[in-house]
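As recorded in Swiss-Prot:
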type	residues	note
TOPO_DOM	1-77	topological domain 'Cytoplasmic'
TRANSMEM	78-98	transmembrane segment
DOMAIN	81-365	domain 'ABC transmembrane type-1 1'
TOPO_DOM	99-122	topological domain 'Extracellular'
TRANSMEM	123-146	transmembrane segment
TOPO_DOM	147-195	topological domain 'Cytoplasmic'
TRANSMEM	196-216	transmembrane segment
TOPO_DOM	217-222	topological domain 'Extracellular'
TRANSMEM	223-243	transmembrane segment
TOPO_DOM	244-298	topological domain 'Cytoplasmic'
TRANSMEM	299-319	transmembrane segment
TOPO_DOM	320-339	topological domain 'Extracellular'
TRANSMEM	340-358	transmembrane segment
TOPO_DOM	359-858	topological domain 'Cytoplasmic'
BINDING	Trp401, Ser434, Gly458, Ser459, Thr460, Gly461, Ala462, Gly463, Lys464, Thr465, Gln493	ATP 1 binding site
DOMAIN	423-646	domain 'ABC transporter 1'
TRANSMEM	859-879	transmembrane segment
TOPO_DOM	880-918	topological domain 'Extracellular'
TRANSMEM	919-939	transmembrane segment
TOPO_DOM	940-990	topological domain 'Cytoplasmic'
TRANSMEM	991-1011	transmembrane segment
TRANSMEM	1014-1034	transmembrane segment
TOPO_DOM	1035-1095	topological domain 'Cytoplasmic'
TRANSMEM	1096-1116	transmembrane segment
TOPO_DOM	1117-1130	topological domain 'Extracellular'
TRANSMEM	1131-1151	transmembrane segment
TOPO_DOM	1152-1481	topological domain 'Cytoplasmic'
REGION	1462-1481	region 'Disordered'
COMPBIAS	1471-1481	compositional bias 'Acidic residues'
Amino acid sequence: MQRSPLEKASVVSKLFFSWTRPILRKGYRQRLELSDIYQIPSADSADNLSEKLEREWDRELASKKNPKLINALRRCFFWRFMFYGILLYLGEVTKAVQPLLLGRIIASYDPDNKEERSIAIYLGIGLCLLFIVRTLLLHPAIFGLHHIGMQMRIAMFSLIYKKTLKLSSRVLDKISIGQLVSLLSNNLNKFDEGLALAHFVWIVPLQVALLMGLIWELLQASAFCGLGFLIVLALFQAGLGRMMMKYRDQRAGKINERLVITSEMIENIQSVKAYCWEEAMEKMIENLRQTELKLTRKAAYVRYFNSSAFFFSGFFVVFLSVLPYALIKGIVLRKIFTTISFCIVLRMAVTRQFPWAVQTWYDSLGAINKIQDFLQKQEYKTLEYNLTTTEVVMENVTAFWEEGFGELFEKAKQNNSNRKTSNDDDSLFFSNFSLLGTPVLKDINFKIERGQLLAVAGSTGAGKTSLLMMIMGELEPSEGKIKHSGRISFCSQFSWIMPGTIKENIIFGVSYDEYRYRSVIKACQLEEDISKFAEKDNIVLGEGGITLSGGQRARISLARAVYKDADLYLLDSPFGYLDVLTEKEIFESCVCKLMANKTRILVTSKMEHLKKADKILILHEGSSYFYGTFSELQNLRPDFSSKLMGYDSFDQFSAERRNSILTETLRRFSLEGDAPVSWTETKKQSFKQTGEFGEKRKNSILNPINSVRKFSIVQKTPLQMNGIEEDSDEPLERRLSLVPDSEQGEVILPRISVISTGPTLQARRRQSVLNLMTHSVNQGHSIHRKTAASTRKVSLAPQANLTELDIYSRRLSQETGLEISEEINEEDLKECFFDDMESIPAVTTWNTYLRYITVHKSLIFVLIWCLVIFLAEVAASLVVLWFLGNTPPQDKGNSTYSRNNSYAVIITRTSSYYVFYIYVGVADTLLAMGFFRGLPLVHTLITVSKILHHKMLHSVLQAPMSTLNTLKAGGILNRFSKDIAILDDLLPLTIFDFIQLLLIVIGAIAVVAVLQPYIFVATVPVIVAFIMLRAYFLQTSQQLKQLESEGRSPIFTHLVTSLKGLWTLRAFGRQPYFETLFHKALNLHTANWFLYLSTLRWFQMRIEMIFVIFFIAVTFISILTTGEGEGTVGIILTLAMNIMSTLQWAVNSSIDVDSLMRSVSRVFKFIDMPTEEGKPTRSTKPYKNGQLSKVMIIENSHVKKDDIWPSGGQMTVKDLTAKYTEGGNPILENISFSISPGQRVGLLGRTGSGKSTLLSAFLRLLNTEGEIQIDGVSWDSITLQQWRKAFGVIPQKVFIFSGTFRKNLDPYEQWSDQEIWEVADEVGLRSVIEQFPGKLDFVLVDGGCVLSHGHKQLMCLARSVLSKAKILLLDEPSAHLDPVTYQIIRRTLKQAFADCTVILCEHRIEAMLECQQFLVIEENKVRQYDSIQKLLNERSLFRQAISPSDRVKLFPHRNSSKCKSQPQIAALKEETEEEVQDTRL
């Protein structure tokens, strides 16, 4: 970053913001980068501001029982706030003085006041000086208030983040990430823009009093007629506002429903394509969109009338103010034009400034109260540790997670009852789940000495993770004692990867020890994986390690835990995603050898691990089922295997235990998710809700249990979207995932394989947040690239095609040599995304406008209609203006003129009625024309939005995965949320306002030019200067706004990342470290935002200076060239003053339109994406009636055809090569093999070897070369839909969308209820579905959060059974699966798919033994394709993974299955029960 010119700027330069000229000049000539941004002043740094506010808040907490955050803010910012408020007031007062001088100028042209003609020139000079003074007062005041608002936001940002890291887990249970992001974005952003309006709450009453006094002097009592109309108008607008809020609240629920389905579609786009559900999802979303648009139109019409009321109120304010006076005393031009000027100021104050100020205070105080509530929440309590303790002791410990699951079922009950489900089933369902809290752990006792290994086992929901949480202090015991040293290291069950390099993730801010680091890398089997990356361990990992396989993420998380030197290591199921061989090697080399002298607690269900543990603790229903050694376990608990394996399944648990399990499940995922989606409750909820957050959580568009990665989209309403947000989505060559799978691990669909030797990111470092956060934002450093990997620095050289994931990488400090790649990944909120800066121009192109206009043919005619009506309005206006400006000489005899009267009456009493009728007629005409003009425009623009949404949705669903892999899932969702919201809400009204303002200005200039042609000469250079200045500023401002948005993303991403890894972060004691990272992210954003505010104020001042020059020219031309006639001078000067304010408004509106049209550009970019191949590429042999059916014919009870394809399921693969993107490195090379009909093939290979990629290639989800044939039909001879329907798919990443059970099983509604029930019974789902009210019509929300992971897998299995597919693809179906569900899946595979070809990717040896052939994948290629006997006889991975004793028994197991030798199986079961139960139990 460069040193800011502000530091050495003079007072004049600061006053006129001239110090911003270098950045404006540079932005006009070239593309700006973050390195071009100036450093922030030290007073604006997050460290200083947060320390200042935190000190005052602590003082408030210590001194009062009811602390108020507003008091702390007042002590920090009050005096500067009031100083700028007084400047703002003085600037507003000048507006009231200007009409007085205008009246004197008009009066000087009275033929009877010729002696005053000589002072007209001085009055003109005074009038111009007032404009100059107003400019010099208002702009510094507005900028100062924006600056204070920015400082308040920064200070509260920091305070909230620090508090978040301290919150207790029980409080975090009731707070979703969506609520926190809303607190930081929607609420705190009000201070940035709103603080400048806050002072009008007291300025407007004073201004109104002053103006009414001046108007009273002119018109006496009739002045209150105009004020009364304004008050009525303000009340009318308030009523419209309430109506609009009602429509907005109704619409918010519909938007939420649409975004729920859309987000689920995006995060599971691979599954949608694999299931061929594109049309079903499109229809589902479009139906929701139709309902939403009905409410959108109603809200838009109300907003339109509200906006129109302001524009047309000017006629009636003047009319009602002057009418009573004119009827009594006649019309005096001086008074008319002075009153018009007063009314312009009065109208703005009463109808705009005061309501905005009241709304600002309402919003700001509400936000402060929410933040105050949040800051007083219960904090995390660190347990008292004894640092001299060498043992871990737990005595009679009992603990509860607070009840909270009941509210989920209450909502489910309410939501489904609203759908008129049967009430008879409610008791059946809810009686199964007690709503009372039950202990998650009861009376736990154990003691382990230093260096011992304690293995904790148990069935699903037994309390294993809760035990670790209690040791870490996250779960506070209600009874008993816990004793240990406090030096803990922790490895989570679901891997938490911090955006950054592999090295940074493992070191995690701890001092670097080369020998220890290399030892850990080797023990965790990461050497081979790291060696395949071009940058080795310095490769930048993306969102949650999205570029890695699930096994690689798990090993990095384990390596982080092992690298830390601690006394106690807590390992929560660290081997869940590892293949058998890798798991075995890591357990031996890492857990048993490298950590041999450390105390370890390992959560596992592997029998081999239990054998080698010093102590074993088996939990059952939260209680200690057994504690002792393995030999004691065999002797004392002969039934331990059923308890350990969980044969007492979830459905057999007692009601109390079920409630405890489900509560714990929600608790474990609540940090990563929002509350369940309420389909009926749409209103936003405050953080202060009857003392607890959990009562009415904010609607989420994402499910909390579906995964550990969880974000909430904070949907801004039209009233809240005050700013124009610029976003940027940088392409990343990786798997598309909005919510990386936490439970499911590696998905069947695309993922970057570690075998790829090419760069997984197209560019690892771009100058931007990544580099600038390497150093303090307050200090300038020259940064150069250093090639040594261990001390690598970051280059400032611009590199294209890097995502914000990489932008936010950096070290904590130069001195420590530590590097932390900070987070930039997200989505969940509109502020968190941004588009590829290279792909969208800094300024919206004319082509975008032209294309937008031609989207709907009616729009062109509507615009022509607007132009015609505008010409009619101008003609109508000229009638009154001409009449006033060209009044014939009055008749002395009939005139009411008196020489004693100080005011000239030009029009007779009789003719005044004639003027009155003309004025009323013209006003009514203008009002009617204005409404007729605007309504069709707004209606048509919303129709255009509807068309664009439909086209974009269709385009995304039909886009190939090679294209989607280069896009951020969050960016795609942002197009459907923020950009569509802009097209629906902001763009129509903004375009209407701009057109309205532009026509007003053009009309006023035309009238002035007609009345005084010389003025037109002054108008031409003003228009040219305006166009040039706007173009000059826009080129820079849009880039600054984009960089500001890019700088904002790390703030929210850092918050989300910190919350996801909060347990890990606390266990490692890295809170201060992450606070430093957060402050530097804030400082980076502040640098961008401060510069944007400064350049914006520079532009506003220049625009106003141009207007002042224009007004000076108009004033003196009018004074010097006008002869006799008050009317002409009055019209010209009044219109000139009106032009000044309106044109400045129009300029800002034009900039807003240009900014909003960037959303249209982004939508067009998505619409233009390529589509998947949908037609056969060459002719094939016809199957029926001489033609190949467009719809795949699948054998089922409904479709009985003579020719059915596929009939056998034979697959032939020839020279298959797969890539994620065109031109990318091959993930699989020259794969060739064949599978016989009905054969079962197992895929073997290390994690990341490409097994899942091969399954994706079968479905044509990747860029592939070569050929695959099914029953002799080549894949390039039929459509994609036909090809994919030949497969049944059971992916790791379970796809349950928000909808009924029936919709989830049969989205195309092809099957009858009876057939669905038969399949549900076959896969073991019937008992699950029947316990829900409504049964098949029960609406699942939040990714089916009320279902266990096993039940979700059964849903996928049921889909495959219904499809009657002949080829079944299974990718890790047993990952994190309870044994009961696993056994159901095995049984179903044997029965329902007995005649099908099955391709299985699995880590369980037991499941793989049922395969006839095995395909071994190594280094992108097929190494072996043989039977199990040959693999065991040769030196293979499979052989290495199985012990010799196992091998001896496996052959009999295989042979017995062939010759049906039951005695051998029985003997095997009796002799070695534990070997048969070989893997996860």
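Glycine too: its Cβ is placed from the backbone N, Cα and C atoms.
Feature map: annotations from Swiss-Prot on the structure.
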| residue | record | DSSP (3 states) |
| --- | --- | --- |
| Gly458 | ATP 1 binding site | strand |
| Lys464 | ATP 1 binding site | helix |
| Gln493 | ATP 1 binding site | coil |
Secondary structure tally of the topological domain 'Cytoplasmic' (1-77) (DSSP, helix then strand then coil): 55 helix, 2 strand, 20 coil
Cβ contacts under 8 Å made by the transmembrane segment (123-146) with residues that lie 6+ beyond its boundaries: 15, 17, 80-81, 83-85, 87-88, 90-92, 94-95, 97-98, 101-102, 104-105, 108, 192-193, 195-196, 198-199, 1093-1094, 1097, 1100-1101, 1104-1105, 1107-1108, 1111-1112, 1115-1116, 1119, 1140
Taken over the topological domain 'Cytoplasmic' (359-858), the model's mean pLDDT: 62
Counts of helix, strand and coil residues, the topological domain 'Extracellular' (217-222), according to DSSP: 6 helix, 0 strand, 0 coil
Lys464 (ATP 1 binding site): tally of other CB atoms within 10 A of its CB: 24
Positions on the same chain near the transmembrane segment (1096-1116), where near means CB under 8 A and six or more residues out: 16-18, 20-21, 24, 105, 121, 124, 127-128, 131-132, 135, 139, 142-143, 1008, 1015, 1018-1019, 1022, 1025-1026, 1029, 1033, 1037, 1132-1133, 1136-1137, 1139-1140, 1143-1144, 1147-1148
Cβ neighbour count (within 10 Å, all chains shown) around Gln493 (ATP 1 binding site): 20
Non-local residues, at least 6 beyond the ends, that sit with Cβ under 8 Å of the transmembrane segment (1131-1151): 98, 102, 105-106, 131, 337, 340-341, 344, 348, 881, 884-885, 990, 993-994, 997-998, 1000-1001, 1004-1005, 1007-1008, 1011-1012, 1015, 1026, 1030, 1033-1034, 1037, 1100, 1103-1104, 1107-1108, 1110-1111, 1114-1115, 1118, 1122
Secondary structure composition of the topological domain 'Cytoplasmic' (1035-1095) [DSSP: H/G/I, E/B, coil]: 57 helix, 0 strand, 4 coil
